[in-house]
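Taken verbatim from TrEMBL:
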{"type": "REGION", "residues": "1-26", "note": "region 'Disordered'"}
{"type": "REGION", "residues": "80-123", "note": "region 'Disordered'"}
{"type": "COMPBIAS", "residues": "92-108", "note": "compositional bias 'Pro residues'"}
{"type": "COMPBIAS", "residues": "112-123", "note": "compositional bias 'Basic and acidic residues'"}
{"type": "TRANSMEM", "residues": "128-151", "note": "transmembrane segment"}
{"type": "DOMAIN", "residues": "133-260", "note": "domain 'Anti-sigma K factor RskA C-terminal'"}
Amino acid sequence: MRHPDDSELVDAALAGTSPGDPSDAERVTLAHVAGCDRCRATVDDVRRVADLLRDTTAEDARWLPSPDTVWAAVAARLDSPASGGVGGDPEPGLPPATRPTSPTPPTPTRTQPDELAARRERTRSPRLVGWAAGIAAAGLVIGLLTGRALWREPAQTAPTTVAQVTLDTLDTRQRGGDASVVRTRTGVDLTVDTTTPLDAGDGYLEVWLINRDLKRMVSVGVLRGEGTASFPITQSLIDQGYTVVDISKEHFDDQPAHSGDSLLRGSLPA
């Protein structure tokens, strides 16, 4: 079972939050999500994040840092002699014998920058924790939406007919259908449309592309008796001169070669 990718799941999750009905692709994804616990969990997470962002106000986002004078006072207190920091003489009244006799300075106990930062972090408002979670959630949605915009497949363009020819009978030159080369988003197709039913007898109908030299040919596919059918081909075939469209009656004789019984034929413009 194919699971939708992140872009499709985001589209499905946000389908109900934007005006308009879900697209066909979103409906397909939602149908899959209804029966898939894993994908449904992802969609629920995205919806919760979207709700969180929608309910977040400017007041929630406001955080006023402490003035610089507060942190300066804290730092001064940490550096003072009473706090055990570096600097200052021994307390008065101590006998000379208790004074240091070694020139080695005492071990510094200055609070390191990392510890000071940690103390500052602990004094911040608990509201900051919730706001940080909101920022993380916003980052998730923004990342998914940005990825969807960057990696979304190009919009499908309408097929373009680049060449067309009328298919006529070889004996009476009566029109029996049309053939066209159509360029699509994924490649090139040969589309055959028979205007009148073709009788395959006890065999079947096969579509060919014959080279302009009338010596080389390739089979394109099997055709029903009437209607329209499309067959994938390559542009290189057309470029190499395979421009004669032929519909033949073939027999179930395990012979892959052309039977020689052509019903309709037409040459695409060079």
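Every residue, even glycine, has its Cβ placed from backbone N, Cα and C.
Those TrEMBL annotations? Automatic predictions, nothing curated.
Since the structure is predicted, the reported quantities are computational estimates derived from the model, not experimental observations.
Applying DSSP to the domain 'Anti-sigma K factor RskA C-terminal' (133-260) sorts its residues as follows: 24 helix, 56 strand, 48 coil. In the predicted model, residues of the domain 'Anti-sigma K factor RskA C-terminal' (133-260) average a pLDDT of 85.
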